Amino acid sequence: MTAGSVLASGLAVLFIMAAQATAQENHAFEVLNVANQTYQGVDFFAIEARLPEDGQSGSENWCKDYRLLCAKYGLKPTGCGEELMGSVPDVDRCVTEYDSDPNINNVLGCVPADGVAAVAGQAFTSATVTSGNSFGFYRCSTSYCQRGIVESQWSLTSTSEAFPDPGDRMVYTVCKGSAAVRCPMLSAPENGAKTGSNYYSNVVDFTCESGYELDGDASTTCQVDGTWTHPVPTCTALQCPEVTGPDNGAVTPTDTRSYGDVVRFTCDAGYELDGEESITCQADGTWDDDAPTCRDIDGCSPSPCAPLATCTDTPAPRIGATCTCEPGYDGDGAADGTGCTAVHCPEPTPPENGGMYGHSFSYMDEVKFYCNRGDYVENLPAYRLDGAATLTCQADGTWSDPVPTCIPKES
């Protein structure tokens, strides 16, 4: 049957559906996908949907939500078949109170979860369909038809694997019959997503990924003539503020600032970045970091100088440093050169009639002097120092005082 003939044959029914839709309450199912599917000679309308996070029905109970879900497509819910009709009152109530259409020859079985899973599995081949997330009507007593989905799992059998956590809230069900009219399938906008199916009166909602905003209508509705009320919108990237290059540096590229774009910074010769080398435009229209600055490269970090040397940075645009040995040390000061060695003072000559302690004559070394004390037995005279008893080797390679002399002690 062509799309035109389907539309013509279903038009009268659809106008009735449109009138009914205004009076219907809302159900809490988020419909994601639908398909007509024949199973064991019976036509079914398969639905892939998501349960709400709180597990609460949109109407007074989940049995009514299931009826409203199928009624949106001009169809009836189904479940346990004719085999139990008239013998189990709770099954009869699914028909009398919630408009269930029993299957010919009980093709779904009772409990219907396995049969519904078989139909939905054929309709949605890429989905994970099990008897734990596929439901039809089982028993519709007041105690089973509740607002909470957990309390309703004996009426809508079964949703136990879909809710609560760690279930993904994905469920599958069927309505009896086939839906007639649908609009062309819509693609999600680039960098966006859509929810909803393409059957008459269904609404498709559009959203954009983080970092993008909608340009156009956020939703469109499938009309009775098989057309959508609005075109698919586009998702345009958010823009971050313009970035300029740092002093003594540059930024590239200069014309890029949309969500996800990256700009990079460089510095002129003799300078280095103080901050991040690159920044990225975020989903909220701000950069993920501040633009860096360019600072003079510190030739003394790390220091190229040897111990006992002072490092002096060479200003930009030149790169490098000067090493200067501390006072009292000689050499080029470089760690990979001669380094810094202590200055040597000339070796002192001990005074006549005296002597000297000390055999090292480098910077900061000390030598001490003494005079002969004499010997009464051998009749040797005694002497005393005339001058400093201790001399220190100074930074300029000279001793702190002249070498003292030894003069006779007065008796």
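In case you wondered, yes, glycine gets a Cβ from its N, Cα and C as well.
Whatever TrEMBL says is automated annotation, not expert-curated.
Owing to the predicted nature of the structure, the values given are computational and were not obtained by experimental measurement.
Feature annotation from TrEMBL assigns signal peptide to 1-23.
Residues or ranges marked as domain 'Sushi' in TrEMBL: 181-237 (among others).
The disulfide bond annotation in TrEMBL covers C208-C235 (among others). In the three-state DSSP assignment, the secondary structure recorded for C235 (disulfide bond) is strand.
The domain 'Sushi' feature in TrEMBL is assigned to 238-296 (among others).
There are 22 other CB atoms within 10 A of the CB of C267 (disulfide bond), with all protein chains counted. Residues or ranges marked as disulfide bond by TrEMBL: C267-C294 (among others).
What TrEMBL lists as domain 'EGF-like' is 296-335. When Cβ-Cβ distances below 8 Å are used as the criterion, the domain 'EGF-like' (296-335) is approached by residues 248, 268-272, 341-343, 363-364, 394-395 of the same chain, each at least six residues removed from its ends.
The feature domain 'Sushi' is assigned by TrEMBL to 343-408 (among others).
For the domain 'Sushi' (343-408), residue counts in helix, strand and coil come to 0 helix, 27 strand, 39 coil, using DSSP. C267 (disulfide bond) and C235 (disulfide bond) have their C-alpha atoms 36 Å apart, to the nearest angstrom. For the domain 'EGF-like' (296-335), the number of residues in each DSSP class (helix H, G, I; strand E, B; coil) is 0 helix, 15 strand, 25 coil. The distance from the Cα of C235 (disulfide bond) to the Cα of C294 (disulfide bond) comes to 37 Å.
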